[in-house]
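**Q** Take a look at this one; I'll ask things after.
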Amino acid sequence: MPSSVTALGQARSSGPGMAPSACCCSPAALQRRLPILAWLPSYSLQWLKMDFVAGLSVGLTAIPQALAYAEVAGLPPQYGLYSAFMGCFVYFFLGTSRDVTLGPTAIMSLLVSFYTFHEPAYAVLLAFLSGCIQLAMGVLRLGFLLDFISYPVIKGFTSAAAVTIGFGQIKNLLGLQNIPRPFFLQVYHTFLRIAETRVGDAVLGLVCMLLLLVLKLMRDHVPPVHPEMPPGVRLSRGLVWAATTARNALVVSFAALVAYSFEVTGYQPFILTGETAEGLPPVRIPPFSVTTANGTISFTEMVQDMGAGLAVVPLMGLLESIAVAKAFASQNNYRIDANQELLAIGLTNMLGSLVSSYPVTGSFGRTAVNAQSGVCTPAGGLVTGVLVLLSLDYLTSLFYYIPKSALAAVIIMAVAPLFDTKIFRTLWRVKRLDLLPLCVTFLLCFWEVQYGILAGALVSLLMLLHSAARPETKVSEGPVLVLQPASGLSFPAMEALREEILSRALEVSPPRCLVLECTHVCSIDYTVVLGLGELLQDFQKQGVALAFVGLQVPVLRVLLSADLKGFQYFSTLEEAEKHLRQEPGTQPYNIREDSILDQKVALLKA
């Protein structure tokens, strides 16, 4: 509860949840691979109480969401619950964030529906293969590859996913049946058949949405509980906090109770979830082939059918989970290990496939509940996992009465925050060009998810390459021409730099001396060295000088190693300008050949 979070604030910011420091020593290396060893020795009874409350709160949120997300994935409802518990146990041992909860999410469920054709066997196999890919990325420390997906691309995808998922639940909210799943067909048929709306489902769905909104607003405005408050005030605020935190479970239970009340009267105005397979899932290897009425689909054919999903699903799963982990680590003042997170997510999906789970990742909503509940360690996930298992074993018969419109309300309210309207205004104000990859991703994701992500990433990459090939330069006109590249120099930029130098210094009458100010150049490659050598020759032919200023040690070392004819450099711009204003034939100002040789020997030995 809020008071406990405050009381444990210092312990939570300095103890568990911190990624162990990378060290070659055996204990540190073991802690890095098994983060539980870093916080378990100092585990306390106070942390146990906080973790229990947080785990219970997350569990009451996870169960109705799991049922709802299975609908988004196009799978029977029990598969949502099958996917909701394995991450709790794996992350207990391997996670580096105390706040993150792994399980089914709206975005993962949407991707699963795209690539598994609503077939549980495909979904389970996709979880296994995604886990293998994610685990391999963690072992090979390939987490840096995620940095090539820019923030506008991620925002474009999540916004499109929010629209797709939210609109996809309108049919359940209104009680419409036999609506096709492809987005554009879904929009067309929903409006075409709007007159077929079932009043009972629509009213119940809207009431559930209103209740969820009111409870969320109450949750956001519940004042923190302080120990000095009177017991009655603390109790009342604690009850409000508990009720608003478990709002999904309360609303779904309310809707199920209403539906059951109608059922006993013999009249049912709602479309119900229906039968849910009872009991715990069997432990078995993922299906590497599927037998249908038309024959057996081999493993190779299943992989071919999933196609781009084998890249998109593991990639987006990692992006979503690490983004959530980093956000809460920054908020709560601790660090995570991104590569260790890859291992945790990968192993979760691999082991989850043994219990019929579809791909999972970090959930922003449930992680927020976890953090706000005052969780102290990943042990809170154990309570959540046990609660999900108990619901599978004892409550599945009650899920029959949950109206689909109530689950649709839960999904719509969960994905609404994913559509970030502020990002469009922010990018318009900060850098309008970044709207291009965002809009490309957003629009194309309505066609095919992989095309949207690929096109957005490609546009971002082209923008990056263009800035590398055409770096901005600052030019100072004076007695001596000074040209300063605003960023580093690499081989794509050399031709553009050469053209600008020639046009400003040598293709004018009379030719002018030039100082190349290289303060912002941190490194150069061999192509740049060759280009600079050619420029030095061009300047010598015209009888003017090209001097270098502000060379950093790595750059100077490379240029001295190349033995460029006519190469001269100065420590300050004033020295270079004073030298270049002298008559031809004089020695460089404040620099001698022997000092160049001494510096060259010293740099090459460094």
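Positions of Cβ are set from backbone N, Cα and C atoms, glycine also.
According to Swiss-Prot, the record shows the following:
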TOPO_DOM  1-51  topological domain 'Extracellular'
TRANSMEM  52-72  transmembrane segment
TRANSMEM  74-94  transmembrane segment
TOPO_DOM  95-100  topological domain 'Extracellular'
TRANSMEM  101-117  transmembrane segment
TRANSMEM  120-140  transmembrane segment
TOPO_DOM  141-147  topological domain 'Extracellular'
TRANSMEM  148-168  transmembrane segment
TOPO_DOM  169-197  topological domain 'Cytoplasmic'
TRANSMEM  198-218  transmembrane segment
TOPO_DOM  219-250  topological domain 'Extracellular'
TRANSMEM  251-271  transmembrane segment
TOPO_DOM  272-307  topological domain 'Cytoplasmic'
TRANSMEM  308-328  transmembrane segment
TOPO_DOM  329-341  topological domain 'Extracellular'
TRANSMEM  342-362  transmembrane segment
TOPO_DOM  363-374  topological domain 'Cytoplasmic'
TRANSMEM  375-395  transmembrane segment
TRANSMEM  399-419  transmembrane segment
TOPO_DOM  420-441  topological domain 'Cytoplasmic'
TRANSMEM  442-462  transmembrane segment
TOPO_DOM  463-606  topological domain 'Extracellular'
DOMAIN    470-584  domain 'STAS'
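Can you tell me where each of these features sits in the structure?
**A** Counting only same-chain residues 6+ beyond the ends of the transmembrane segment (74-94), those with a CB under 8 A from a CB of the stretch are 33-36, 62-63, 65-68, 100-104, 112-113, 116-118, 120, 123, 127, 181, 273, 276-277, 281, 340, 343-344, 347-348, 351-352, 355-358, 360, 378-379, 381-382, 384-385, 388-389, 391-392, 396, 399.
Below 8 angstroms of C-beta separation, residues 12, 16-20, 35, 321, 324-325, 328-329, 332, 334-337, 340-341, 344, 362, 367, 370-371, 375-378, 380-381 of the same chain, each at least six residues beyond the ends of the topological domain 'Extracellular' (95-100), sit close to that stretch.
Sequence-distant contacts of the transmembrane segment (120-140) (same chain, at least 6 residues past either end, Cβ-Cβ under 8 Å): 73, 75-76, 79, 83, 112, 286-288, 290, 302-303, 305-306, 309-310, 313-314, 317-318, 339-343, 345-353, 356-360.
Counting residues 6+ beyond its ends, the topological domain 'Extracellular' (141-147) has Cβ neighbours under 8 Å at 315, 318-319, 322, 338-339, 341-342 in the same chain.
Within the chain, the topological domain 'Cytoplasmic' (169-197) has long-range Cβ neighbours (under 8 A, six or more residues past its boundaries) at 71-72, 74, 113, 205-206, 270-271, 404-405, 407-409, 411-412, 446.
Long-range contacts of the transmembrane segment (198-218) within its own chain (CB-CB distance under 8 A, at least 6 residues past either end) are made by residues 172-176, 240, 243-244, 247-248, 250-252, 254-255, 258, 269-271, 403-406, 408-410, 412-413.
Listed as Cβ neighbours of the transmembrane segment (251-271) (distance under 8 Å, sequence separation of 6 or more from its ends, same chain) are residues 64, 67, 172, 175, 177, 198-201, 204, 208, 211-212, 215, 398-399, 401-407, 409-410.
According to DSSP, the secondary structure content of the topological domain 'Cytoplasmic' (272-307) in residues is 8 helix, 7 strand, 21 coil.
Taken residue by residue, the topological domain 'Extracellular' (329-341) breaks down under DSSP into 8 helix, 0 strand, 5 coil.
Under 8 Å from some Cβ of the transmembrane segment (342-362) lie the Cβ atoms of residues 33, 73, 75, 79, 82-87, 90-91, 94-96, 100-105, 107-109, 111-112, 116, 120, 123-128, 130-139, 142-143, 280-286, 313-314, 316-318, 320-325, all in the same chain and six or more residues away from its ends.
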**Q** Six or more residues beyond either end and a Cβ under 8 Å away: which residues meet both conditions relative to the topological domain 'Cytoplasmic' (272-307)?
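**A** Contacts with the topological domain 'Cytoplasmic' (272-307): 67, 76-78, 82, 115-117, 119, 121-122, 124-129, 259, 353-356, 389, 392-393, 396-397, 399-404, 407, 450.
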**Q** Cβ under 8 Å to the transmembrane segment (148-168), counting only same-chain residues 6 or more beyond its ends: which ones?
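**A** Residues packing against the transmembrane segment (148-168) from afar: 72, 106-107, 109-110, 181, 183, 186-187, 190, 315-316, 319, 323, 411-412, 415-416, 418-420, 423, 427, 434-435, 437-443, 445-446, 449, 452-453, 456-457, 460-461.
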**Q** Across the topological domain 'Cytoplasmic' (420-441), what are the DSSP residue counts per state (helix, strand, coil)?
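**A** Counts, helix then strand then coil: 19 helix, 0 strand, 3 coil.
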